[in-house]
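Written below as structure tokens is the structure these notes are about.
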């Protein structure tokens, strides 16, 4: 009796199948409101990215109507409502496409009108750059968003905050795609597109698994076998697609390790060089790195060392010995063909006069 009571109590924590179905229908908006809000969120996100303003980017997530179609797709699968499933898939595909078009047109307008100053490397803007090299941590965000979406739908919790989390995995990368298209850079387009696809598939996968695990089935028992088969097939298809696309995330994760190790080794070499008695009058202020492309696999092209020296001091020769040390560090950074080989790295030394009171 106690075990049965515990099971009943556990089941009561979720809302009824009919209510989940109704909530999923409510979350999937009508086409025109969905279109308008998607366009607005994409434009606001693109503006926030170009402004390097995190608050504006977060604002675009708040107004993005992306949770509804994803939840409708998952609920339609587990309760065997093919109409809801097809509508959810259609709205997701249209939403992503519309967002890319809106972001591209807005970014192109900003470029043509010189609202973004000519010569600005938009891919070095922090809010843009961090979305060009997504690693496995980005996948965790999308998986968490899908789980949160499924749980919030099944327990009757407000979906507003969960919608922001889902939008966080999708809207900023969509803005980056638009910026990359407007600037004519196919590599960033590919990188951000992979991130969007991986996140979209992950959200759908985890939401589907959560809803099935929580016991949602069709209203008639003889349709349960069809729903189970459809769920299994879609879980396998989504998981396979995520695994294929995750190969890119693996490359990014490995590249992050490579470049971090290279930068750490170069900083250590600079510290060791400045600790020599002949350079004890110098103070290391900064070490900056520049790479050939924002999309992995990256190769360094320039290392700039900023050193402080006394006002009356002279500029010692550091570039040549530092270049030899960097060449040694580049050996550990080498990539197998056909990914590339280490480039010649330009070494720049910048001296800043310092006065001590």
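Residue numbers in this text run from 1 along the chain shown.
Placement of Cβ uses the backbone N, Cα and C atoms for every residue, glycine included.
According to TrEMBL, the protein has these features:
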type     : residues : note
TRANSMEM : 31-51    : transmembrane segment
TRANSMEM : 57-79    : transmembrane segment
TRANSMEM : 91-112   : transmembrane segment
TRANSMEM : 132-154  : transmembrane segment
TRANSMEM : 161-183  : transmembrane segment
TRANSMEM : 189-214  : transmembrane segment
TRANSMEM : 235-254  : transmembrane segment
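Counting residues 6+ beyond its ends, the transmembrane segment (91-112) has Cβ neighbours under 8 Å at 28-29, 31, 34-35, 38-39, 41-43, 45-47, 50, 65-66, 68-70, 72-73, 170-171, 174-175, 177-179, 181-183, 196, 200, 204 in the same chain. Counting same-chain residues at least six beyond the ends of the transmembrane segment (161-183), those with a Cβ under 8 angstroms from any Cβ of the stretch are 41-42, 45-46, 48-50, 57-58, 60-62, 64-67, 70, 96, 99-108, 110-111, 122-123, 127-128, 131-132, 134, 138, 141-142, 144-146, 148-149, 152, 189, 192-193, 195-196, 199-200, 202-203. Outside the transmembrane segment (132-154) by six or more residues, the chain places 14-15, 20, 23-24, 27, 67, 70-71, 74-75, 123, 162-163, 165-166, 168-169, 173, 176, 188, 191-192, 194-195, 198-200, 202-211, 214, 216, 242, 246, 249-250, 252-253, 255-256, 294-296 with a CB less than 8 A from a CB of the stretch. Sequence-distant contacts of the transmembrane segment (57-79), counting only residues of its own chain at least 6 positions beyond either end whose CB sits under 8 Å from a CB of the stretch, comprise 17, 20-21, 23-29, 33-34, 37-38, 40-42, 44-45, 48-49, 85-89, 91-92, 95, 127, 146, 149-150, 153, 159, 162-164, 166-168, 170-172, 175, 200, 203-204, 207-208, 211-212, 216-219, 227, 230-231, 234.
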